[in-house]
Amino acid sequence: MSTREQSDHMEIKVEESGGHEHKGPIYPHRYEITNLICSPNLKYIATLSEKDESILIWPVLGNEPYLKASTNLKITELDTQEDIERVYKLEELSDDALIVLISETSCIMYDTNKEQHVAIPHFNEQVLQTSEIHVSFFKNGYFVFISESKLYLYSVITKDPNTWLQCKNIFGFTIELKHCSLSRDGRLLIGKEFFKFQWDINSEKFEMQYPVADDFIFNKYENLLAVWHNRDLTLNIYSKKGIKILSHKIKIDNYKKQDNEYFQINFLNLGERLLISHFTNAKMQNYLIDPYQEYSKDSKKNTNIKLQNYLIDPYQEDSKDLKKNTNIELDLYNELNSKYVGFIPKKIFENKIIGIVNRKVQVHDLFQKDFQVYLQEETNDKNKIHFLCIMKEILKNIEEAESYISGPIKDDTELIYQIKQEHMELVIWEYGKNSDGKMELTAHRKGDHPAKLNVMDIFVEKDSPESLIILAFKSLTNGELMIITKWHHLLIREFTIVVALDNDEIQIKYFFNTSYLRDLLNDYKDFLKKCKMDSEMGSEIDKDLLKCKVVSEKLFSVDYFKFIFKNFDFGIFDPNNTLSKLIEGHINDNSFFALYAQNLLAAAISERRIDLVDQVFVKCMEIIYDDPAKIDVLKIISSLSLELHEIYPDYFNRFISQTSLLLHPSHFLRRAHIFYTSDSHLQPHAIEPFMFKLSLPARIYLLISNFISRLIFFYKKFYRGLSKIKLVDKQSTIPAIHLVVPLPGFSTYDTDYSFWKEMLGRPKSNGFVEIQTPELYSSWGGEVLLNFKWNMFGKYYYYFDWAIYTFFLMTFSLAVTETGRVSESVKELLLWTSIILGLFLLIYIELRQFIFNWRQYIFNLWNCFDFGSLVSPVVISIYWLLNGPPPLWAPSLSCLFLDIKFLFYLRAFEYFGVYFAIITGVAQTAFSYLIVLGMIILAFAHALYILLQETSKNIGSNDVNTDLYTSFDTSLLAVYLLMTAMLLKSTIIGLSF
């Protein structure tokens, strides 16, 4: 037993932040600890022993490993209804030492500092009888309570004498939240079969969807998401936009799920590695993974041979070459047990491990030295730290670059001395003259031959070498080297070049505009000023972490790639050598491609770089064909479908044709691809769980939606029951497969919804609205997409529009039709109603369409007809009310236009739409013929009018009914009747023979 262990009885006096003093003896658990939970920021740990029904609260004070309990609670004392026996589970713990206990019939929140119960608004015990509930404390101090299809968000007020919850928001969902999970950073994950849907509760936005997960976690920069699957022991890494980067599979020989067994995943430090912890009884196995390196499909060539403890790089796939793999073995359990006798690991929190020794809690560091140093020393230089994981170091160098740029220029001797002063571990960098007397950069690993690079080789030969000024060299922890330069070529440009030693060759990894990097730092300062601190929570912000997060989000933006293209096109660099290698490196780096290929493609389209558009396109197709489960990579192309279709339509059509028959990712979770269903062909299948604030209209919508869903559910259940007793025929089933529409994000709308933008006709558009191409909608995917949009929302909007228009048609028709049964007062009411409904339709439909795209509206004949058919009844109604009945031709033409427009509403239905398609098709085909026919009629009418006008005067005929050639307009009618009669006569004669 360790010499620092406490006795079984202790008496302490602790004053908490809440101001409450705990006095008296604190007894440890008498029996085994069955539950241990941590507060979101590891300020407290709570333990529960079910056998002695006690809860202990353990404050975490700095780096002290041996914790002392500050509060001892008895569950029986917390339960106010002592006459009912309940079994409670310790569910949650806050950073203010609030605990939440849940049983089958009750939920208790208790402030352990102030020793008082805290009421949870909107909660009643009847909820537990009808549905399960979920609770969680977030890192920002908020408390979340989930019941049925509602999510309640509370702020915890602890500054008052009594702790209480203030409801911030209530959110509703269109599905019940039965199978959901909450993360401490404010993410909600819901869904059961095949896919999970993820929301950010703090920003109230939907983020992404991915296959069913048992655990998930973001790294500190929130650019990577790790998802763990218990079913096949697989770890998947996704980008923030939901694009799958890579997959790691953990193989455990003879693995069988046991009781009290669970897996836990954690990003270590700043996300350099990801730790998978496998807890079984009193033991622990760990798998440390590089999140930027892929797991090899050839299990024989992976480094995880013993499959016990692994450090995994989340940015790198496992190489098929055994020597190049980065997953390493480590034995944390035996190492900890040798230092701390009897240590039973229970949970890992970031770089800390929490365990139990003799029913007392201890918190130790996972690694006894700096984690980055550990990676360098323990992995034989194989585990390279990704560029994004040393952002703090990079930003420090950028801030120092200002002094180099504004200071005196160093000569070669000073640069040689300066690079020697840099701290180097993985790669040794040197700068000096070669045998030809030229300055060159050399790099080598310990014991390896040096690789050389003449810095001038990256520039075109026609430019003077004196134009380039090297200001400083800065060595990075991961072995890469930053070269801060200034270029005098017509304009003064500042560059930061990052080079690395890869495959025994010095390669350019990144190319930055130094001033752009400084602007990012200034953006961070502005962001920090605007960042709202939650004063009532007293939450603290890690400024260094926030700086790295803000800058890393914009580091490889569209501007980064545009800067590369423009400078290479400017003539400073050799585009056929340096540019091609730099971009090729970005594209071949799978993690970089998944994270930033969308920005690369956007820049390539904007700068008209069709060669790079082709490279990104080919890379996406290769990823899909190699691993069909990585279908989210199509977001790279589909998110830019508007720009791609506008500038390079051939690539968009090629994308549609090559992705028209892709299996749904759910098939890869089944043993067989074919299943049986009673659904129709091309039936869209998609779960759309919407999240919205519960305002009064939203509550009504949610109530109606849930009512309809339950009606459909009971109808299907009732029908299945009748089919079992053979009262109705059983629905026939057919074999089917699930295909996927390869357009993720194509038909989605901006999450920053604005009611006024929607009403004023200026909402942000998407590919579904803008792209009207036969190649898209002639495919199965296009047809399914139309069916889905129609069934989800389109038909309800259409029916509403049609109903309002029908009422408008009826009121105007009754008002202007003289039947003798409508009194003047009723007619006046009908005319006023026609004016109101007509103006509503003009503003709500026609005006919004005009604002959205006025050019398209004006040059579309159908829009002109719709506008005229709505304006004419309004004008006639106003004229009638002011001046009395108008000429008869006016209301008759208006009614004609209204009736025709009503008829056009039927074109949306296939049964009637076929005939509209035939009519419009014939009209389009015969349009040129009608033009020619009209010109012939005009010519003959003109000629006959001139020829027969004198004859009409001689015979004294002025009656149009007997002589059609007395006026030019009737001459047109006469020639038309003459020609049609001749055609009719020739047709009859032809038929008679």
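Backbone N, Cα and C define each Cβ position, glycine as well.
Just so you know, TrEMBL annotations are computer predictions that nobody has curated.
The region 'Disordered' annotation in TrEMBL covers 1-23.
The transmembrane segment feature in TrEMBL is assigned to 698-715 (among others). Sequence-distant contacts of the transmembrane segment (698-715) (same chain, six or more residues past either end, CB-CB distance under 8 Å): 149, 172, 174, 692.
Summarising the annotation, TrEMBL assigns transmembrane segment to 796-817 (among others).
Residues of the same chain lying 6 or more positions beyond the ends of the transmembrane segment (829-847) and with a Cβ under 8 Å from any Cβ of it are 761, 801, 804-805, 807-808, 811-812, 814-815, 822, 863, 866-867, 870-871, 873-874, 877-878, 880-881. Residues or ranges marked as transmembrane segment by TrEMBL: 829-847 (among others).
Under the heading transmembrane segment, TrEMBL lists 859-882 (among others). Long-range contacts of the transmembrane segment (859-882) within its own chain (CB-CB distance under 8 A, at least 6 residues past either end) are made by residues 808, 812, 815-816, 828, 831-832, 834-835, 838-839, 841-842, 845-846, 849, 890-891, 893-894, 897-898, 900-901.
According to TrEMBL, the transmembrane segment annotation covers 902-922 (among others). Only residues 6 or more beyond the boundaries of the transmembrane segment (902-922), in the same chain, are considered here, and those with a CB under 8 A from a CB of the stretch are 798, 802, 805-806, 809.
Marked as transmembrane segment by TrEMBL: 929-948 (among others). Sequence-distant neighbours of the transmembrane segment (929-948) (same chain, 6+ residues past either end, Cβ-Cβ under 8 Å): 965, 968, 971-972, 974-976, 979.
Here TrEMBL flags 968-991 (among others) as transmembrane segment.
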